[in-house]
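Working notes for the structure below.
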Amino acid sequence: MTHNDDDHKWVTTKRKEPIFFTVILFIFQIFMIICFAALTGYDTNKNYTGSENPDEFKGGEVQERVNNFYGYFRDINIMIFFGFGFLMTFLRRYGYSALGYTFIISALVSQWSVLLNGFFEAWSHSNKHGEFPSTWEFSMDSLLQGFFCSGSVMISYGAILGRVTPLHMLIMGIIEPIFFFLNVFIGEMNLEAIDVGGGMYIHLFGSVFGLTVAWFLTDRKSKECTDNAPSYSGDNFAMAGTLFLWMMWPSFNAAIAPLGEPQFRAIANTFLSLTGSTVATFIVSRLFSHLGNKLDMVHVQNSSLAGGVVQGCIAHMNINPGGAIAMGFIAGTISVCGYLFITPKVQRKLHIQDTCGILNLHCIPGFLGSIAAIFAAIKGLNNPNMYSKVEFEQIFRAGDSQASANLIATMVSIGLGIVGGLLVGVILLQLKKIKGLKSKEYYQDSAFWILPIDYPKDVATVVALNNAATSEDTAGGDDEEEGVGKEHGAVEMGKHNRIVQPKQDNKYHKQLPSDDEEEDEFKQEPI
C-alpha cells in the first residue's frame with residue numbers, strides 16, 4: 001500500500017500539534033507559578049482586631065465578607081465550568097471537546113487573569129499615586145475577575161466551536177485576557193463606566209472578539225458540514241447547562257455590586273429580566289418557527305438567557321421591576337429573531353460561521369444593555385432622589401459625565417474586541433500550517449479524543465427522522481412553500497443548524513446504511 005505526499009504531510013503536522021500544545025501549556029504553567037510566587041500574596045493585616053487574646057478573634061468584617069462572597073463564588077464557578085461547558089454540548093459529535101476545552105481553558109484563564117488583573121490594578125495605582133507596587137494582593141475580588149475573564153473567553157469560543165484545535169484554543173486563551181483587562185482598565189479604572197455584571201466588558205467585548213476570529217476561520221466546507229447539527233441527547237445536556245446558567249445568573253450580575261440595596265436590586269432585576277426573556281422565547285419561537293410553528297430547542301437554550309445579559313450593565317440600578325421584565329422580554333424577542341433572520345444573513349453575506357449564535361445571545365443583548373445604561377445614567381443624574389447619597393456616589397462614580405463615560409466605554413469594548421479578534425484570527429490562520437483541521441474533522445471529537453464504541457457515525461438517520469416529521473405537516477400541499485423545488489439529492493443545513501434533507505416523491509434520497517456498512521465505516525475512519 002502506497003501513501004502520497006499529502007498523507008505523509010498530514011501525519012507529520014498531526015504530530016506537531018500535540019507537541020506544541022503540551023510544551024506551550026507546560027511552559028506557561030511554570031511561568032505563572034513563578035509569577036504567583038514572586039508577585040502575589042495574601043493580606044495578613046485585615047484580620048487584626050487589636051486584641052492579643054486568640055479566643056476573641058472571630059474574623060470580624062473579613063469573615064462577614066467571606067461568608068457573603070462564597071455564595072457568589074460557588075454560583076459563578078458553576079456557571080463557568082458547568083453551565084458554559086454543557087451549553088456547548090448540543091453538537092452531535094463534539095461533546096468531549098465542548099466540555100474538555102472549556103474545562104482546561106477556563107482553568108488556565110482563571111490563573112492568568114489574576115496576574116493580569118493585578119498588573120493593571122498596579123498600573124492604575126501608579127497613575128494615581130506615582131508608585132508601581134512590587135507585589136499584588138491576592139483577594140476575593142481577584143478570583144471573581146478570573147471567572148469574569150473566563151466567561152468572556154468562553155463566549156468567544158462559542159463562535160468558533162467545532163473548527164479549532166486545542167492549540168488554537170490555548171493561544172486564544174492566552175491572548176484574549178490581555179485585551180479583556182485592557183478594556184477593563186480603560187472603562188472601569190479610568191472612565192469609571194457603569195457595568196456591574198459585565199454587559200460591556202464580558203458579553204459585548206467577548207462576542208465581538210469571537211465573531212471577528214470566526215470570520216477568519218469560516219470557509220465553505222465548514223458551512224456545509226453536516227456534523228454541525230445537534231442530537232437529541234446533546235440538546236438535553238445543553239439544556240441542563242442553560243438551566244444552571246439561568247439559576248445562577250443573578251449571582252453573576254450581583255457579585256461585585258455595592259452591598260445593600262444595589263446588590264438586592266441586581267439579584268431581583270436579573271431574575272425578573274430572565275423570566276421576561278424566557279416568556280418571550282416561547283412566544284416568538286412558536287410564532288415564527290419555520291417548521292410548523294414548533295418550538296426550537298436552540299431558541300430555548302440560548303434566547304431564554306438574554307434577559308441576564310441585557311441586565312449586565314444596569315442590574316443594580318433603580319430601573320423598576322416592570323422595567324426589568326420589559327427589558328428581558330425585548331431582549332428575548334430580539335434574540336430569537338436574530339437566530340431566525342439575522343444569523344443566516346450574517347453567514348451568507350459576511351461569511352461568519354457563528355456555531356453557538358453568540359451574536360444573538362451575547363452581542364445584541366449586551367449592546368442593548370450598554371445603551372440602556374446610558375439612558376439610565378441620564379435619568380439617575382437628573383433625578384438624584386432615586387438613590388440614597390451613598391448609593392449615588394457608589395453607582396455614579398464619573399459624576400455628571402457618567403452617560404458619556406458609558407458611551408465611550410461601549411465603543412472601546414467594540415473596538416478592542418475587533419482589534420483583538422483580528423490579531424488572534426491572523427495567528428490562528430498561521431497555526432493551520434502546524435495542524436489545521438481537515439474538513440472531515442470539523443465538529444468531531446475523533447481528531448483529538450479516544451472515543452467509545454458507541455460514538456455516533458452517520459447523519460442519515462437524523463435526516464430521515466427530520467424528513468418523516470416534516471412530511472406530515474407538508475402533506476397538505478405546502479411543499480412548494482417549504483422549498484421542495486431545491487436541487488435533488490443534496491443534504492442541506494437548515495436554519496438554526498438543523499439538518500434538512502430535500503425530499504422527492506416522499507422517499508429519502510440517501511439510503512440508510514446497513515449495520516455492516518456502519519461497522520466498516522467505523523473501522524476505516526482513523527481516530
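Backbone N, Cα and C define each Cβ position, glycine as well.
What Swiss-Prot records for 483-495 is compositional bias 'Basic and acidic residues'.
Summarising the annotation, Swiss-Prot assigns compositional bias 'Acidic residues' to 514-527.
For Asn47, the entry in Swiss-Prot reads N-linked glycosylation site, with the evidence type sequence analysis.
Annotation source Swiss-Prot lists region 'Disordered' at 471-527.
The feature topological domain 'Cytoplasmic' is assigned by Swiss-Prot to 1-18 (among others), with sequence analysis given as support.
Per Swiss-Prot, the feature topological domain 'Extracellular' maps to 40-70 (among others).
Counting only same-chain residues 6+ beyond the ends of the topological domain 'Cytoplasmic' (92-99), those with a CB under 8 A from a CB of the stretch are 85-86, 161-162, 227, 229-231, 234, 237, 443-446, 448-449, 451, 455-456, 459, 462. Residues annotated as topological domain 'Cytoplasmic' in Swiss-Prot, with sequence analysis given as evidence: 92-99 (among others).
Per-class residue totals from DSSP over the topological domain 'Extracellular' (121-141), listed helix then strand then coil: 11 helix, 2 strand, 8 coil. Residues or ranges marked as topological domain 'Extracellular' in Swiss-Prot (evidence: sequence analysis): 121-141 (among others).
Under DSSP, the residues of the topological domain 'Cytoplasmic' (163-166) split into helix, strand and coil as follows: 1 helix, 0 strand, 3 coil. Residues or ranges marked as topological domain 'Cytoplasmic' in Swiss-Prot: 163-166 (among others).
Within the same chain, residues 120-121, 124, 201, 312-314, 317, 370, 373, 376-377, 395-398, 402, 405-406, 408-409, 412 sit at least 6 positions outside the topological domain 'Extracellular' (188-195) and bring their C-beta atoms closer than 8 Å to a C-beta of that stretch. According to Swiss-Prot, the feature topological domain 'Extracellular' maps to 188-195 (among others), an assignment based on sequence analysis.
According to Swiss-Prot, the feature topological domain 'Cytoplasmic' maps to 217-236 (among others).
What Swiss-Prot records for 258-263 (among others) is topological domain 'Extracellular', and it gives sequence analysis as the kind of evidence. Tertiary proximity for the topological domain 'Extracellular' (258-263) is limited to same-chain residues at least six positions away from its ends with a CB under 8 Å from its CB atoms, namely 68, 196, 316-317, 388, 391, 394-395.
Model confidence over the topological domain 'Cytoplasmic' (285-299) stands at 88, taken as the mean pLDDT rounded to a whole number. Here Swiss-Prot flags 285-299 (among others) as topological domain 'Cytoplasmic'.
Across the topological domain 'Cytoplasmic' (343-357), the DSSP tally of helix, strand and coil residues reads 8 helix, 0 strand, 7 coil. Per Swiss-Prot, topological domain 'Cytoplasmic' is recorded for 343-357 (among others).
What Swiss-Prot lists as topological domain 'Extracellular' is 379-406 (among others). For the topological domain 'Extracellular' (379-406), the residues of the chain that approach it from at least six positions outside its boundaries are 191-195, 200, 258, 260-262, 313, 316-318, 370, 373, judged by C-beta separation under 8 angstroms.
The topological domain 'Cytoplasmic' annotation in Swiss-Prot covers 428-527 (among others).
The transmembrane segment (71-91) makes no contact with the transmembrane segment (19-39): fewer than 3 of their CB pairs lie within 8 A, with pairs spaced 6 or more apart in sequence.
Residues 268-270, 272-281, 283-285, 288, 290, 296, 298-299, 302-304, 306-307, 309-311, 357, 359-361, 364-365, 368-369, 372, 495-496 of the same chain lie 6+ residues outside the transmembrane segment (322-342) yet bring a C-beta within less than 8 angstroms of a C-beta in it.
When the topological domain 'Extracellular' (258-263) is classified with DSSP, helix, strand and coil residues number 3 helix, 0 strand, 3 coil.
Residues 148, 151-160, 172, 176, 179-180, 183-184, 187-188, 252-254, 256-257, 262, 266, 270, 308-316, 350-355, 358-359, 361-363, 365-367, 369-370, 373, 406, 409-410, 413-414, 416-418, 420-422, 424-426, 428-429 of the same chain lie 6+ residues outside the transmembrane segment (196-216) yet bring a C-beta within less than 8 angstroms of a C-beta in it. Between the transmembrane segment (100-120) and the stretches 142-162, 167-187, 358-378, it is 142-162 that has the most C-beta pairs under 8 angstroms.
Taking every recorded stretch in 19-39, 167-187, 237-257, 358-378 and counting its Cβ pairs under 8 Å to the transmembrane segment (407-427), the highest total belongs to 167-187. Contact counts against the transmembrane segment (19-39), taken as Cβ pairs under 8 Å, peak for 167-187 among the stretches 142-162, 167-187, 237-257, 358-378. Here the topological domain 'Extracellular' (188-195) is broken down by DSSP into helix, strand and coil counts: 3 helix, 0 strand, 5 coil.
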